[in-house]
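Some features that TrEMBL has for this protein:
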DOMAIN    6-392  domain 'Major facilitator superfamily (MFS) profile'
TRANSMEM  45-62  transmembrane segment
TRANSMEM  74-94  transmembrane segment
TRANSMEM  100-120  transmembrane segment
TRANSMEM  132-152  transmembrane segment
TRANSMEM  164-184  transmembrane segment
TRANSMEM  217-239  transmembrane segment
TRANSMEM  245-266  transmembrane segment
TRANSMEM  278-300  transmembrane segment
TRANSMEM  306-327  transmembrane segment
TRANSMEM  339-360  transmembrane segment
TRANSMEM  366-387  transmembrane segment
Amino acid sequence: MKKPRNRWSVVFGALLIQVCLGAVYAWSLFNKPLTEKFGWSTDDVVLTFSITIATFAAFTFFAGKLQDKIGPRLVAMGGGILLGVGLMLASTATSIYQLYFYYGVIGGAGIGAAYVCPIATCVKWFPDRPSLITGVAVAGFGAGGLLFKPIITYFIDTLGVMPAFFYLGLIYLIGITVGAQFLANPTENCIPKKDNADTIIPKKDYSTKEMLKTPKFYVIWSVFFIGCMVGLMVISLAVDIGVNLAQISAEAAGNAIITIALLNAFGRIFWGSVADRFGFRNTLMIIYSLTAITITYMGYVSLTYFTFLVTTSIIGFFFGGFLALFPSKTAFHYGTKNLGTNYGLVYLAYGLSAFAGPILATRLGFINAFYISAVLCLLAVAGIYLIRSISLTSEKIMSK
């Protein structure tokens, strides 16, 4: 396929890919059917999701490096094939370890390969609105679980859990392959002039080695890790929080999954738009500060069903902001040429936080985990100040 005629066709392809990838967030629908069919423990089945997320995050770096060299289309198609084949193979699994490998490793690698391509491509096409367009692209990922929930439920109820894997794999393979056809890097004359001074990409495009030599990379990575840790802790344990702290039934607490997903998807677009208007620094400081206040409230008061839904959804709303802003923030500091590789390295923080957040809550209890998270969010605010100071110092040194 030729290069897209306009940049909005790239957005269409990005959304199609991200919706298919985001269906991974509906994994909880498989827990009960798999435990009933094979007699596996819930903990063992849930581990499939953790393995998938970890592999997904790790593979973004390698896929990002590859798409920087050969372009986004082929890499995204390869990701779609891996994800589709992984799920088709998962439909034949007879042991939990086969499921881990087919769905978690092969499927997770496919998600990681395809995920970074639309983001890096969209940022290059929209230097005038990088945060907003990144938010739109990743909103598809956040909405994927919601959109595919009725489809997954239908397949499981009518065909059975294992055949469901096969047909979902086929759908994802086709959807991602089609979406990938709309991805292509822009030529010089395709890129609009930037009209927002705070979103201007620096003249220098940093290689990954050069990026790793800058102190601010480690601050950016740590700040992103904190935001993802808090968000994933609340999202992954939302039902448990409702049952234990709000004293409601698991069924009632499950409604938070829907409200969190909706606010999370909206937050990706909203905070991206805010950042393009008021700047990364100001927007991130607001998000981390409000996250600290919200998570402190969750630990300090006795939650009711209403306050449980509101607070967990707000955390999801802020979490969407983190995922929308850090790709464009990485581009802001290190350029777009190697964005796939560079953001892939930053995104490893997401994979590690998927383990850190739940471990913190299960080992120390929800209340202690909430207070620790609040302190970490305040440290993140200080880190954002530090990034600015490091950048200004570097500019002064380079100007001499």
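Backbone N, Cα and C atoms are what each Cβ position is placed from, and that goes for glycine too.
As a quick check, the transmembrane segment (74-94) and the transmembrane segment (100-120) clear the bar of 3 or more Cβ pairs under 8 A, pairs 6 or more apart, so the two touch. Within the model, the domain 'Major facilitator superfamily (MFS) profile' (6-392) shows a mean pLDDT value of 88, rounded to a whole number. Taking residue pairs at least 6 apart in sequence, the transmembrane segment (306-327) and the transmembrane segment (217-239) share three or more C-beta contacts under 8 angstroms.
Within its own chain, the transmembrane segment (339-360) has Cβ neighbours under 8 Å at 50, 53-54, 56-58, 60-68, 72, 116-117, 119-120, 123-124, 206, 208, 211-212, 217, 220-222, 224-226, 228-234, 236-237, 323, 326-327, 330-331, 369, 372-373, counting only residues six or more beyond its boundaries.
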